[in-house]
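Working notes, beginning with the structure itself.
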Amino acid sequence: MALNLRKNHQILKIINDALIDLPAPSNISTWWNFGSLLGLCLITQIITGLLLAMHYTADTNLAFSSVAHMCRDVQFGWLIRNLHANGASFFFICIYLHIGRGIYYGSYLNKETWNIGVILLLTLMATAFVGYVLPWGQMSFWGATVITNLFSAIPYIGQTLVEWAWGGFSVDNPTLTRFFALHFLLPFVIVGLTLVHLTFLHETGSNNPLGIPSDCDKIPFHPYYTIKDALGFVLMLSLLVSLALFSPNLLGDPENFTPANPLVTPPHIKPEWYFLFAYAILRSIPNKLGGVLALAASILVLFLMPLLHTSKLRSMTFRPLSQILFWTLVANVLILTWVGSQPVEHPFIIIGQLASFTYFAIILILFPLAAALENKLLKL
């Protein structure tokens with residue numbers, strides 16, 4: 001009998017085990033679509049980014065003009081640039097929903113998968129940050145100056161570290177060159193980490209909305225979830241293309257249409273929308289080192305999620321108190337995002353400080369307490 005190539009060929013076998021014959025829970029909802037959507041975002045960003053890199057010049061005198069040239073003179077250059085810029089926003093929308101799903105359904109109990117996921121988030125944030133500097137507009141330049149300057153808060157080695165990162169005594173040509181190199185490199189690091197993320201996921205199998213073992217009721221990934229993912233692809237690409245065609249600058253900062261000028265500071269320096277929640281936490285502490293530590297903690301706190309799980313139930317599906325806290329946390333992050341976009345004045349300062357405190361209080365104190373209380377109430 002002829003061998004089935006799909007199941008016996010060394011390389012096809014890996015693809016088959018990951019995308020075709022993979023046993024998947026029969027009841028995973030649309031919240032489980034975001035992993036594949038993130039994969040699609042990554043592929044889209046790498047393709048559009050590669051096409052943009054062919055026309056971009058990493059030089060302070062030419063960067064801004066090269067981006068303008070791309071949009072004016074390159075075939076469909078305007079579309080490629082708009083897809084790439086807005087693709088980053090979709091990437092972050094998907095990753096935040098993906099993380100929210102993980103917290104709600106207790107997926108963080110797959111510790112290796114979760115920890116690699118947090119490292120992926122950090123790498124994605126680094127990639128987006130260095131990428132935002134490349135067009136060399138006003139917000140690119142001042143954003144780079146402000147954020148890299150935060151490293152100077154590190155005791156003893158801070159200033160040396162910043163000058164080493166800049167390649168000089170201010171953000172200038174060497175900074176732009178190395179940021180371009182990093183922006184080209186990091187997406188491939190993300191691809192590698194994604195493969196590790198999937199390898200660990202396929203060791204344990206996916207979690208499901210009930211948070212119970214699903215070994216007794218598995219279905220093949222193909223055709224059930226391939227078609228389900230395909231629907232997600234169509235919907236997300238439709239939204240991305242609509243945004244890129246109808247309102248490409250909706251999420252950008254008008255300040256970035258002005259070429260970088262070290263002598264003129266913009267009235268309000270702020271990052272792209274997807275960093276605003278962390279930026280609000282940074283600003284809410286009136287001390288440089290304290291702010292930097294809070295900024296780092298706002299993301300690194302995710303590493304603690306598996307350690308803070310006190311409930312006997314994995315998922316929040318049957319835990320109403322934890323659900324209330326979860327949606328309060330979501331509202332809290334939205335408030336932080338809004339505060340981060342506002343100037344540093346009353347009442348935004350105090351709102352930001354309260355929201356920052358609540359953010360850490362919910363994750364570090366209230367989630368474990370509520371879970372322990374629910375154990376008691378449910379007599380578990």
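The backbone N, Cα and C atoms fix where each Cβ goes, glycine too.
Keep in mind that what you see is a predicted model, and the values were worked out from it rather than measured.
These features come from Swiss-Prot:
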- H84, H183: heme b b562 binding site (BINDING)
- H98, H197: heme b b566 binding site (BINDING)
- H202: ubiquinone binding site (BINDING)
- 34-54: transmembrane segment (TRANSMEM)
- 78-99: transmembrane segment (TRANSMEM)
- 114-134: transmembrane segment (TRANSMEM)
- 179-199: transmembrane segment (TRANSMEM)
- 227-247: transmembrane segment (TRANSMEM)
- 289-309: transmembrane segment (TRANSMEM)
- 321-341: transmembrane segment (TRANSMEM)
- 348-368: transmembrane segment (TRANSMEM)
Region pair the transmembrane segment (289-309) / the transmembrane segment (34-54), three or more CB pairs under 8 Å: no
Fewest other C-beta atoms within 10 angstroms, as judged across H84, H98, H183, H197, H202, which are the binding-site residues: H202
Between H98 (heme b b566 binding site) and H202 (ubiquinone binding site): CA-CA distance (Å): 17
Closest-packing stretch to the transmembrane segment (179-199), where packing means Cβ pairs under 8 Å, from 114-134, 321-341, 348-368: 114-134
Highest-contact recorded stretch vs the transmembrane segment (348-368), from 114-134, 227-247, 321-341, CB pairs under 8 Å: 321-341
Cα distance (Å, whole number) from H183 (heme b b562 binding site) to H197 (heme b b566 binding site): 21
DSSP three-state assignment (helix, strand or coil) for H98 (heme b b566 binding site): helix
Integer Cα-Cα distance in angstrom, H84 (heme b b562 binding site) to H98 (heme b b566 binding site): 21
